[in-house]
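S.K.: Structure incoming, see below.
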Amino acid sequence: MKFAYRFSNLLGTVYRCGNLNFTCDGNSVISPVGNRVTVFDLKNNKSDTLPLATRYNIKCVGLSPDGRLAIIVDEGGDALLASLVCRAVLHRFHFKGAVHSVSFSPDGRKFVVTKGNLAQMYHAPGRKREFNAFVLDKTYFGPYDETTCIDWTDDSRCFAVGSKDMSTWVFGAERWDNLIYYALGGHKDAIVGCFFESSSLDLYTLSQDGALCVWQCDTPPEGLRLKAPAGWKADLLQREGEDEDEDEDEDEDEAERETTIRGKAAPAAEEQRGKVQYSRVAKYFFNKEGDFNHLTAAAYHKKVHLLVTGFASGIFHLHELPEFNLIHSLSVSDQRVSSIAINGSGDWIAFGCSGLGQLLVWEWQSESYVLKQQGHFNSMVSLAYSPDGQYIVTGGDDSKVKVWNTLSGFCFITFTEHSSGVTGVTFTTTGYVIVTSSMDGTVRAFDLHRYRNFRTFTSPRPTQFSCVAVDSSGDIVSAGAQDSFEILIWSMQTGRLLDVLSGHEGPISGLCFNPMKSVLASASWDRTVRLWDMADSWRTTETLALTSDALAVTFRPDGAELAVATLNSQITFWDPESAVQTGSIEGRHDLKTGRKELDKITAKHSAKGKAFTTLCYSADGQSILAGGMSKFVCIYHVKEQILRKKFEISCNLSLDAMEEFLNRRKMTEFGNLALIDQDAMEEGGVTIPLPGVKKGDMSSRHFKPEIRVTSLRFSPTGRCWAATTTEGLLIYSLDARMLFDPFELDTSVTPAQMRAALCQRDFTRAILTAFRLNERKLLQEALESVPWDESSSRAEWDFPPSLPVGVISSSLPDLYVEKVLEFLASSFEESRHLEFYLIWTQKLLMVHGQQLKSRVGTLLPAVQFLQKSIQRHWDDVSKLCDWNRYNMQYALAVSKQRGLKRPSEPPGSEEEADASEDDDSSLHLLRRGPGDGDGPLA
């Protein structure tokens, strides 16, 4: 088994907090998810998480105008300069304070960050190598409270900054002689957004109380006059022979004024004479009816003159400026709209709702959703892979069951029939039925063909189910009760209760069927694991005595071994036939739990109460995955009983139990500062309780969720594994980067020898040499050099004659057949030679089929990976063929309506008559398009 696994994608959570951005082409949305960034490709229907992470939750993301660079700033003020092209971190920087927003200038030469009550302008990093990517240019002072928003003019000459002190300031990127910096008032609440008009200095400002002010400037952008350089007075004074010491002092003062710019809230009338003047020409209100009085987010598209505003009630408005004409109003959620973004063409609008973790992309002209995704807004508890590895089902404490596509990363169906937290999910062997258990006392079966709940299993008396399992035939469903200590057995076909298994003296913590036999293993808090024989009237065949409470149980894929995780941080292995313990692993030191903020004991002592709560065998059964109340996932070798690798699933310090040592800076003589709600005045937080104040939700509290792993599953293909964590659904896949991992290497095995064999048309020796070198480019070169049939191998210059794929595949040793199948499965995902690799697959399976059946246990992951790759291509080709068929039918129907005749056929031919049947239905169907409405929006 290979262990070059790396983080590849984040599912289950689509948006947490921060600002949304569209890429420069307008086809993708960049969404901050915790301390990671996910890119949702709306055109190709795919999501991808960048392989980078910040130390805290991301606060804001600034995108360069060319879409190549992104500045990602977290809540602690740490910034990452990331390249979206090579998906790597280029530079790290600390702003020494919390940053609220960051914005690049339209020309890409500068960027501005708002921090505290000031704004700082930096030189944007260029394409050339620099020692320091972030060079401070100017610091702007003026607002008395925290700055909240930024907007630039089209020519990058000026930018506007809004503040919580209800004022807006217009600053210059250069020192303009006729532009003075003063506050624009007119609002009674904090500024949410400020926007310049296109090719103008006219300004729109929006405040939290739903007020919009329109400001008109008496000077066009071309009328700004550049201030004279700093040393012009010094040169003039030197020509007149004045004192040089006074010149040096004046130069130093002038240089300081160049880097530190201070504005005045109310400058004198003499200072404003001959300068740029702003006047308020209109003021509008969104909350005339009083239904929504809290504006939370805003965005403005300058070319289309479209203003989009979001409110705390989940309603958003579309207005046309400057007339303030209402275009559209809709409620997208019952939670506050946290962020809004508009793509470059102005057609798509992205909304982010942090309360429920929603991400929506709305096409306002057609009034339809382009993307509608929502993760589990509570923690995910369980997951399961489909038998072919294409889908993942997750269940959460929010009582929802979601099914995710592993290729696209999107959720395509959500089941909401449960009324309480979901505790277990599993697929049947067919892959089209999902069985779930819940704390509401029901076990439900869902059909993935019709997306419906077709079976509901209940118990004779009310109980809460903690786990669920389905046998290999898919006919028997079992669930463990948490309060009655019983196991209930139902029939999938009839839905009737078949039996109630009693014997445990504690809550049932886990159930698992033997994949090869009709044996059910149940783990309980009574320190036992019982094996129930379905073929012998559910009689208890064996009872395995443990040293501590059992928390998880799982069978090896071949059913010859049983693994149990207990409360004392041990993993014990048993032979289910003889009920003999074959080994154990002590995992307490490998958990390495962190210290919570309010813990009064060290992390070393708190680890004594932690344990593994979930187990999963690898696809080949040689290793086992273990996770629990820790930020680490451990992979152990079963036979050697040693730790092979340990994965740190998160480095996000915004989660609890991440610190290893006590932070003494938070300890005061009055107690721990973590006991104080520091975010009381933040948006959505609790307002400071002053007399007469009715603002804010007094019941809301800010808390840090604890990091933990609730469920682990290996993909049946063996190429990846998934973990449900506090951060979301994390996918780890095999590292596709260049790794030198040779097989049976000696001095005669070289790339030159492989190419020499290709020149001699000795394809078998070339393929074996390439597989011994185990480099992907060499493998591809060797396999694609083989002619696909006899006719293509016969050529005048071909001497000696080449052998086709069928002959070469029959001459391969059995040891290399598995490696060729794995390479073919991975090549299907990226190669364009679909038919050529299908011929290779067919010939290999036909020639070596009997030998492969004898090693089905070890070859099963490779075959399932191959099946998954071929199935994906089959789905794509079938959709393309359906689309072409619909288009041809539509063209025939239109030509019939217009009375056009095809020149190759006589009038009234049978083909034309057949094709023209049901013209109206064809037109109606084709305008709708194939696949429209297939599956509800998640």
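Heads up, the Cβ atoms here are built off N, Cα and C, so glycines get one too.
In TrEMBL, annotation is done automatically, which means it is predicted and not curated.
What you see is a predicted model, and the numbers here were worked out from it, not measured in a lab.
Sharing the feature lines straight out of TrEMBL:
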type	residues	note
COMPBIAS	241-256	compositional bias 'Acidic residues'
COMPBIAS	908-920	compositional bias 'Acidic residues'
DOMAIN	810-892	domain 'Small-subunit processome Utp12'
REGION	239-274	region 'Disordered'
REGION	896-938	region 'Disordered'
REPEAT	373-405	repeat 'WD'
REPEAT	415-456	repeat 'WD'
REPEAT	501-542	repeat 'WD'
S.K.: What counts of helix, strand and coil residues does DSSP assign across the repeat 'WD' (501-542)?
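M.R.: Per DSSP, the residues of the repeat 'WD' (501-542) fall into 3 helix, 23 strand, 16 coil.
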S.K.: For a three-state summary based on DSSP, what are the helix, strand and coil counts in the repeat 'WD' (415-456)?
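M.R.: Within the repeat 'WD' (415-456) the tally stands at 0 helix, 24 strand, 18 coil.
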S.K.: If we skip the immediate neighbours and take only residues 6+ beyond the ends of the repeat 'WD' (373-405), which ones have a Cβ under 8 Å from one of its Cβ atoms?
M.R.: 11-15, 40, 355-360, 411-416, 418-427, 429-431, 434, 436, 438, 440, 446, 448, 705, 710-711, 713-717, 719-720, 722, 724-726, 728-729, 864-865, 867-868, 871-872, 938
S.K.: Going by DSSP assignments with H, G and I as helix and E and B as strand, what are the residue counts for the domain 'Small-subunit processome Utp12' (810-892)?
M.R.: 71 helix, 0 strand, 12 coil
S.K.: In the predicted model, what is the mean pLDDT computed over the domain 'Small-subunit processome Utp12' (810-892)?
M.R.: 81
